Amino acid sequence: AVHSEMRPATAIVHLSYSQQDMANNATETLDEVLSTVVYMSQSRTMNAMLYCRIFIAVAGLLLGVTIPMFRSKFVAHGSLLMLLMQHCAWNVMLSFISLIDALITAYTFTTWEKPEDLIAFNDGYSCFHRKIWHIYAVYGTMTSMFAITIERTVASNFYKTYEKSSKRLGYVLSVGQFALASLFLAGAIIMYDFSETRAHCFVVTRGGETFHRPLAATSLVLEIVCLVIFCCQLRVNRRRLSRDYCGGLSEKYQITENVRALKLLVPVVISHISLTVLTAASFYIFTFIDMEAHTKAITEESLGFLHLHAVIVPVFMLLRHWRKERLLQKTSRLNRLQGAALMTEHDKVIMKDW
C-alpha cells in the first residue's frame, strides 16, 4: 500500500543529497540511480535471484561446517588435509559474506518507504564494507587452489619419500596463500572508488577495473594451468598403479593417495573455472550490449553466484566419503560370509560380466 501511493523516482524533488554526490555519479544522475533501484526492488527476476542467492549461501555455510566433522576419516597427507580445510574455510567465508550482503538487500527491498531508503547502504563506504571481504574470499579460494596444486605436484614428483615427510610444506604454502590473498586485498582497497552511490553494490568499482581485470585474467589462466597439471598428474599416477608397481608399501600408498586426491580435485577445479569463466565472459559480453540502466543492473546482479562453489566442493567431498563408506560396508559384509552364502556371492562376481 505504501509503495502503490508513491510517485516514480524520477519525479522526486526533495532529496537529501548534495550536488557533490550527484557529481560523483558521472555516468548516472541520482534520479536515475533511484529509478533503477526502485525497479530492481519491484522486479520478480531480481527478487528470485536474491532469494536463490540467500538459499545457496545458507547451504554453503551448512555444508562447509560439516566438512571438519569428517576430517579424521579423510585419509591423506597432513599438508593436503590442511590446505583442503583452508580452501573450505575460504568458501565458508564467501558464503557468509554473500549471505550478509543478500540479507541487507532483502531488508531494504521489503522495508523501504521512500526511494532514498533503498540506497541507504549503497554509498561508497557502505558498499566497500559489504564487498571488500567478498573480494578477499574470492581471491582466497584462488590462491588456496594454487597452493594445493603445488603440494600435489611435490607429492607426485617425490612419491617415494613424501608419505613420511612432515607438514612443513603445508605450513609454508598456508602462509604463502594468505599473504598473496592479502596482497590482492590491499590492491583492491587502494583502487576502490569510494565516491559512487550506486543502485547496487559492485565487487569491482569503476576505479578498480584497471586492477581487477588483468589480475582476474591472470588468475583464470593459472587455474586452467592447475587443471592441466592435475589431469597430467592423475594420468601419471594411474599409470604407475596399472603397471604392477613393485616398490615399497609406503610408495604404493602414496601413489594411491595421489590418485584418490586428484580424482577429488579435478572436478573441484573444473567447477571453479566454470563459474569464473561464466562470470567473466558474461561481464565482458554485457559491457558491449546496449541496455537500459535497470536492465543492466539486474543483468549484472545475475553474475553474483560465485559462492555456488562453496556448495559444490563439500558435495564432492561428502559424496566421495559416502561412496567409500558403502564400499567398506560391502567389503566387511563379504568378509563375514561363510559356507553357501559365500559360494553364492562368489558365483555372482564371476558371472557378472558373462
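Just so it is clear, glycine is given a Cβ too, placed from its N, Cα and C backbone atoms.
Predicted automatically and left uncurated, TrEMBL annotations should be read as such.
TrEMBL lists 48-67 (among others) with the feature transmembrane segment.
Outside the transmembrane segment (88-112), and at least 6 residues removed from its termini, the chain residues within Cβ reach (under 8 Å) are 3, 40-41, 47, 50-51, 53-54, 56-58, 60-61, 64-65, 67-68, 118, 120-121, 130-131, 133-134, 136-138, 140-141, 144, 200-201, 304, 306-307, 309-310, 313-314. What TrEMBL lists as transmembrane segment is 88-112 (among others).
Sequence annotations record features per position, and here TrEMBL assigns transmembrane segment to 132-150 (among others).
According to TrEMBL, the transmembrane segment annotation covers 171-194 (among others).
Sequence-distant contacts of the transmembrane segment (214-234), counting only residues of its own chain at least 6 positions beyond either end whose CB sits under 8 Å from a CB of the stretch, comprise 139, 142, 145-146, 149, 152-153, 156, 184, 187, 258-259, 262-263, 265-266, 269-270, 272-273, 276-277, 280. Look at TrEMBL and you will find 214-234 (among others) tagged as transmembrane segment.
According to TrEMBL, the transmembrane segment annotation covers 264-285 (among others).
Here the transmembrane segment (305-322) has long-range neighbours at 52-53, 56-57, 59-61, 63-64, 66-67, 70, 73-74, 84, 87-88, 91-92, 94-95, 98, 138, 141, 263-264, 267-268, 271-272, 275-276, 279, meaning same-chain residues at least 6 beyond its ends whose C-beta is under 8 angstroms from one of its own. Annotation source TrEMBL lists transmembrane segment at 305-322 (among others).
Long-range contacts of the transmembrane segment (132-150) within the same chain, counting only residues at least 6 positions beyond its ends with a Cβ under 8 Å from a Cβ of the stretch, are 80, 83-84, 86-87, 90-91, 93-94, 97-98, 101, 173-174, 176-178, 180-182, 184-185, 188-189, 192, 203, 219, 222-223, 226, 229-230, 265, 269, 272, 306, 309.
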